[in-house]
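Asks: Would you mind keeping the following structure in view while I ask a few things?
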Amino acid sequence: MLISLNWLKQYVDIKESIDEIANALTMIGQEVEAIDIQGKDLDNVVIGQIVEFDKHPNSDRLTLLKVNVGGEEPLQIICGAKNHKLNDKVVVAKIGAVLPGNFKIKKSKIRDVESYGMLCSEAELGFTKESEGIIILPEDAPIGTEYREYMNLNDVIFELEITPNRPDCLSHIGIAREVAAYYNRKVKYPMIEITETIESINTMVKVDIEDKDRCKRYMGRVIKNVKVQESPDWLKSRIRAMGLNPINNIVDITNFVMFEYNQPMHAFDLDKLEGNITIRAAKKNEEITTLDGVDRVLKNGELVIADDEKAIAIAGVIGGQNTQIDNETKNIFVEVAYFTPENIRKTSRELGIFTDSAYRNERGMDVENLSNVMARAVSLIAEVAGGDVLSEVIDKYVEKPQRAEISLNLEKLNKFIGKNLTYDEVGKILTHLDIELKPLGEGTMLLIPPSYRADLTRPADIYEEVIRMYGFDNIEAKIPVMSIESGEENINFKMPRIVRGILKELGLNEVINYSFIPKFTKELFNFGDEVIEIKNPLSEDMAIMRPTLLYSLITNIRDNINRNQTDLKLFEISKTFKNLGAEKDGLAIEDLKVGIILSGREDKNLWNQSKTDYNFYDLKGYLEFLLERLNVTKYSLTRLENSNFHPGASAEIKIGEDIIGVFGELHPNLVNYFGIKREKLFFAELNLTKLLKYIKIKVNYESISKYPEVLRDLAITLDRDILVGDMIKEIKKKVALIEKIDIFDVYSGDKIDKDKKSVAMSIILRDKNRTLTDGDIDTAMNTILELIKDKYNGEIRK
């Protein structure tokens, strides 16, 4: 948003320097992005008067002039324009002037006659691209005065970054309010005077709002017998300061008022209207040629202003050529309206029309200020274009908005901003912001923001206003007074990170999948009624919420194998979902789980070791390592009955009666279903939510024993259905000297009975306090052998 300092000074007294004003604007939230000092290109450009007028002696097309510029002697200047005469007041660029485009004025000789300057046109001064002749000034223009001073071009333009919640600041009066509030000054609003005729507007035109959802207020006035012409210099100066080119006095006034009050408006040629005006939705494929010369077809019911025959404007966005103001216009209809912001935003983007009008309307206007804006525009049009203002105003007001009422507690405000402001201090700040105050007692007040501040709806908004105007620089920085107590990180948040770190140490790669899986998996994996189905799934592949990570990890393996990546060990940590059923009112439970899947061969890329296929014990080892690192030791393994797993190579992990996980080789039929050939898959899933209560947070450390270990190997024959893990736990309970037992071989085959299996293990014995004697070792081994024989019917292999 461009703001002219000269224009701003019309509404508020400003004594501060440019830098001080820029800093103040930034501190109150209207950030200054750039400052443009205008008139720099108009040094040595002054007002002069033609005091002698002769033809050039050597050219019929040139004139030889003497021009009084306030010096001791008139300047001799040669001119090629045709629109000047004796005694005209003109704009003179003296020797040394540098005009826009780096055009330097020097002493020159034209057709053997010297010239000491140049008479300027608007194009040569950079005001327009083309001009028909030089600038002719009014008779009262003071000779010798700098042209930029005369035209009020000694201006400073601030470019501001206005936030979307402050559309009121897209105007000079809006910024004047902000500056006045900051410096505790008053805003000087424009004086408005209108002389009306006896003739009523109701005899000329009527207005009907057909689409009341998108147009909440529409006002109109008629001015007859206007004279459309070039705008006066003061008006052109204001329009140019905003980066626009003047068009004519009527259009320029509508733009002037928009930049003054931030209220877009439009003027129609009344004689080009056919009947009355209706605000309605566009008809299917209705056509309109807009002011930018583009033929547009309206297909989506855009809101339009229409007469009885045609659309004459796209409401709040752009006018139509069929009713535009031109030099022949005599009677005009002036509109100002409130269109809903969401409608303007939608229309502007659909049609690709981004005008100043649309930019403002889509941010929301002050609907209660329309009558004031209309009066201001009509009074200015009558001033610069003459004409007769018809009596009465068309004002169709569909719905008056309800202003917010905010209860403000002084104690809470002071606590928030870190100050101890009094009731009167806060009241003064808010009053300068046009916020109405009603005391409620006990340090509380009821606040009603002005109609142009729709962004103020709650106490926090008021806190911001008080801080802005009190000044951020006036609030001292303080170190918060607080007691800091160290605390432990919540294990619920810490758990996934710990598990992720452990599995990455083991060389597993993490994957992330969607929480939704296809509906057919319900039958494939025998999920039963525990599945939660999505009523409106994005696709068939995302129809149910997964109760297990199994499907996702299998598809990860399949997709990698299809890309010739077969040696894989993956894991995923994510939530699963389970329906508790009708007994629990259809409630669902979420469990955090970790899934692990192995495929192919272990990557031992060493010269002295060959790759080996992953097996049941690799997976079991990963789980044991994970549980050990989590300090979970009191768990047991039992045979798993699950159709998704190989019946002879799967187990479930239990702590007491809680099943915290399952693992094993996936059933070959399931693997084949996914088109995975010649590969065994090993899958494990741990319920981390259940596991949480068994994790030991505190770890006890002990020193490494300085006494030597004793290693004994043992091979035994057992019944095939005996779980070796349970047997090892029982042995450790009986023999305190056992430090570790490792299984290094399991065999079942032709060399032993078909109902038997051979298990070979290494047993490490150690005492922490002394060296073991032969008697200690023999006693321990005999106890182990007796337990294996008596309880598990085992035999020692020799």
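Heads up, the Cβ atoms here are built off N, Cα and C, so glycines get one too.
OK, Swiss-Prot features for this one:
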type: DOMAIN; residues: 39-148; note: domain 'tRNA-binding'
type: DOMAIN; residues: 401-477; note: domain 'B5'
type: BINDING; residues: D455, D461, E464, E465; note: Mg(2+) binding site
type: DOMAIN; residues: 705-797; note: domain 'FDX-ACB'
Asks: In this structure, which of the binding-site residues D455, E465 has the fewest other Cβ atoms within 10 Å of its Cβ?
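Replies: Checked D455, E465; of these binding-site residues, fewest Cβ neighbours within 10 Å: D455.
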Asks: Note the Cβ centroid of D455, D461, E464, E465, the recorded Mg(2+) site, then list each other residue of that chain whose Cβ lies within 8 Å of it, in sequence.
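Replies: Not counting the recorded site residues, we get R453, L456, A460, I462, Y463.
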Asks: Under a criterion of Cβ-Cβ distance under 8 Å and sequence separation of at least 6, what residues of the same chain contact D461 (Mg(2+) binding site)?
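Replies: Once residues fewer than 6 apart are set aside, D461 (Mg(2+) binding site) is near I406, D455.
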Asks: Over the domain 'B5' (401-477), what does the predicted model average in pLDDT?
Replies: 92
Asks: Looking only at the domain 'tRNA-binding' (39-148), how are its residues distributed among DSSP helix, strand and coil?
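Replies: Per DSSP, the residues of the domain 'tRNA-binding' (39-148) fall into 5 helix, 44 strand, 61 coil.
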Asks: Going by DSSP, is D461 (Mg(2+) binding site) part of a helix, a strand, or coil?
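Replies: Assignment for D461 (Mg(2+) binding site) reads helix.
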Asks: Give the residue counts of the domain 'B5' (401-477) per reduced DSSP state, in the order helix, strand, coil.
Replies: 33 helix, 15 strand, 29 coil
